[in-house]
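Notes follow once the structure below has been shown.
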Amino acid sequence: MSLDVRLKTRLGTVVLDVDFSAGDGVTALFGPSGAGKTSVLRAIAGLTTPRDGLIRLGGETLLDTAHGLSVAPHRRGFGVVFQEARLFPHLSVRRNLRFGSFFNKAKTTRAEFDHIVALLGIGPLLSRAPRHLSGGERQRVAIGRALLSAPRLLLMDEPLAALDEARRAEILPYLERLRDETRIPILYVSHSVAEVSRLADKVVLIDNGHVVGAGPAAETLSGASLLHGAPLRERGVVLEGRIATAQDEEGVTAVELGPTTRLRLAQEGLLPGSRVRLRIAARDVMLALKPVEGISALNSLPMRIVALHPRENRTMDVVLAGQEGLQLLAQITRVSAKALALSEGMEVQALIKSVALDR
Amino acid sequence: MIDLSFSPAEWTAMRLSLKVALVAMATSLPPALLVALALARGRFPGKALLNGLVHLPLILPPVVTGYGLLLLFGRRGPIGAFLEQSVGLVFSFRWTGAALAAAIMGFPLMVRSIRLSIEAVDQRLEEAAGTLGAAPFLVFLSITLPLCLPGLIAGMILSFAKAMGEFGATITFVSNIPGETQTLASAIYSFTQVPGGDAGALRLTLVSVALSLAALMLSEGLARLAARRIGAA
């Protein structure tokens, strides 16, 4: 089932003008804060009506401003998970979860209820009041509540943004299970590379009210648009590879990015031959003019400098290209760039301090 | 020592007061809820005027409100004559008139309390309820109404207490007829106008104080209970 969205409206000083489609699986709307992602999601949910727009799901038109058609939110059948859980304070967790099926024609069965409760691990919370839940528990209940309203599409508006790092880590595995075990298409709004690269199948990049890129997650996330749009700490690349079948002599696992390019991982228990997605943050990449000996970094790769971009806080983004189409991004200080006399076309060694594994 | 044995006339006044106050409270609840909703959420021309009209009985001398009721709802008044002919409802010099006067006087208190509690309801919750498939009216019933229950209860009890004590508008509109329109307050007034009525006036005064105090305490308690239930306290 395909969701087609075309919107044109004014948001304060920004003009929102987007056109994209999302299919099955998880589609992420990704971009910096204030880019208009949430406004797009709210328009899809029917919570706001844009000046000009067309929204279709499968063959059904939900919004067509040219013909004065706008289906009310409660008739769209889209589940929404907001940034704040928005649980109903006067109802228990169980009644919050049952709220949607009470008003929907499509009743969820007892088995479905039990399945989703188990999936999200909220069984022990059922008889509690929302005010007695932690932030992470609340958000899990909110996700369950949206799922149990039998949605045709799940819209998630930065569901983890209001939570701290530990709570985020608590919920992400549940979102992955959700993606893998339900057949509901998900539109996931986020400005976090980590979340998006871990969850999304497809990414739609939004910046300043416009779609600046769209496609499969790994390609889109490491594309040039990301390098410019993402905040300082988030910049980096996402690579796809396969766990090498043979470990090397020290027993270290390697990921094959191409026939000859491999990265070594300080992680155990990975299934040889399985496909993985790696994220390499720009600030974890160091540069050297020639191969270095006596250094703790596991990975050193020959690369060529493609571009140099001066960035905020006296830093410099260095775009690097290697063998077999490998692309990396390094973030160094401008002082170092000057000291090394870096220029475009130069051959350097990229030393990778750490590789994060996104499942 | 006060003689606490009430005379039959005093019992009648107390019963009548209770009946008038309960009827006034119950009948003003639906319109008060609508007006409070319109004032809290609505955007329409004349909103300031509606707000002013609702609050008028609070600041006008009660005798003016009573006289106004007499002009409008009296047997020859435009509304009074119409209601008598169409549904046979008569207000002037009947207990129904006392209930009307009490309802009008308590109306601003009830509207105010309900309006504030509606304004305090987080509209993002209503939005969430909508996305879960609930139509706007059902959102109101399942989310908005339960969440403003404390204010609703407080408003009802305030209106009830105001009705129990209402005097000026009532006596102007429906006079002071024992057994028909003589409420607690009018009965106390009558006692103070006749020689030897001191004991009766004191007895009814104590009853009045006790009832008012009980209503206020009940209102506090119920509002706190409801607030705890919705997780606000």
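For all residues, glycine too, the Cβ spot is worked out from N, Cα and C.
TrEMBL lists B:14-217 with the feature domain 'ABC transmembrane type-1'.
Within its own chain, the transmembrane segment (B:20-40) is flanked in space by residues 47, 50-51, 54, 95-96, 98-100, 102-103, 106-107, 110-112, 114-115, 118-119, 152, 155-156, 159-160, 163-164, 183, which lie at least six positions past its ends and keep a Cβ under 8 Å from the stretch. Annotated transmembrane segment per TrEMBL: B:20-40 (among others), in sequence order.
Long-range contacts of the transmembrane segment (B:52-73) within its own chain (CB-CB distance under 8 A, at least 6 residues past either end) are made by residues 35, 39, 79-80, 83, 91-92, 97, 100-101, 104-105, 107-109, 111-112, 166-173. What TrEMBL records for B:52-73 (among others) is transmembrane segment.
Residues or ranges marked as transmembrane segment by TrEMBL: B:93-111 (among others). Away from its own ends, the transmembrane segment (B:93-111) comes close to residues 16, 19-21, 23-25, 27-29, 31-32, 35-36, 39, 54-58, 62, 65-66, 69, 73, 155-156, 158-160, 162-163, 166, 169-170, 173-175, 177, 180-181, 183 of its chain (Cβ-Cβ under 8 Å, at least six residues beyond either end).
Residues of the same chain lying 6 or more positions beyond the ends of the transmembrane segment (B:132-158) and with a Cβ under 8 Å from any Cβ of it are 25, 29, 32-33, 106, 109-114, 116-118, 120-122, 125-126, 215-216, 218-219, 222-224, 226-227, 229-230, 232. Under the heading transmembrane segment, TrEMBL lists B:132-158 (among others).
Taken from TrEMBL, the feature transmembrane segment covers B:200-219 (among others).
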